[in-house]
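Undergrad: Here you go, one structure.
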Amino acid sequence: MVKAVCVLRGDAKVGGTVTFEQESESAPTTITYDLTGNDPNAERGFHIHTFGDNTNGCTSAGPHFNPHGKTHGAPTDAARHVGDLGNVKTDAQGNAKGSIQDSQVKLIGPHSVIGRTVVVHAGTDDLGKGGNEESLKTGNAGPRPACGVIGVAN
């Protein structure tokens, strides 16, 4: 079992933690999130970005992690970036808690997400269905109020 954790911080009030667990390279990864400070009753883009570099805030994290050169999509789409985790839904207080299983996100192997950055976006991810070029790259999810580097956990 490999475990990883990400502490999300930013220049806004958005923050939280994301944990990752994977039994073996062929097993799906369980991603559990606990986020606070978002807009109430909203859907916010949730992605893994390529670089673990936050020197200039969340913009230094680069584009979505996409080792297979695909277009942006929903987590259930065949054509998607590895880093496309869709949206998190917030409650009336702007908090989001949940867990997802993802077979493309890996902690083990050549395309591990350890050392990369999780970003919570200020807008809703259109899941690549926005009908424009930016939709196929970013899902038009907007600015990056919070992010954090994924690190190995005990």
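The backbone N, Cα and C atoms fix where each Cβ goes, and this holds for glycine too.
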Undergrad: Determine, on the basis of Swiss-Prot, the cysteine among Cys6, Cys147 paired with Cys58 in a disulphide.
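TA: It is Cys147, per the disulfide annotation in Swiss-Prot.
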Undergrad: From the candidates His64, His111, give the one listed by Swiss-Prot for the same Cu cation site as His47, His49, His121.
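TA: Swiss-Prot lists His47, His49, His121 binding Cu cation, and from His64, His111 it also lists His64.
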Undergrad: Write down the Cα-Cα distance for Cys58 (disulfide bond) and His72 (Zn(2+) binding site), rounded and given in Å.
TA: 19
Undergrad: For His47 (Cu cation binding site), name the DSSP secondary structure in the helix/strand/coil scheme.
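TA: Where His47 (Cu cation binding site) sits, the three-state DSSP reduction gives strand.
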Undergrad: Within 10 Å of the Cβ of His47 (Cu cation binding site), how many other Cβ atoms can you find? Include all protein chains, please.
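TA: Around the Cβ of His47 (Cu cation binding site), 27 other Cβ atoms lie within 10 Å.
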Undergrad: Based on DSSP, name the secondary structure state of His121 (Cu cation binding site): helix, strand or coil.
TA: coil
Undergrad: Take the C-alpha atoms of Arg144 (substrate binding site) and His47 (Cu cation binding site) and report the distance between them in angstrom, rounded.
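TA: A Cα-Cα distance of 10 Å.
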Undergrad: Out of Cys58, His81, Asp84, Cys147, point to the one nearest His47 (Cu cation binding site) in space (Cα versus Cα); all of them are recorded positions in the record.
TA: Asp84
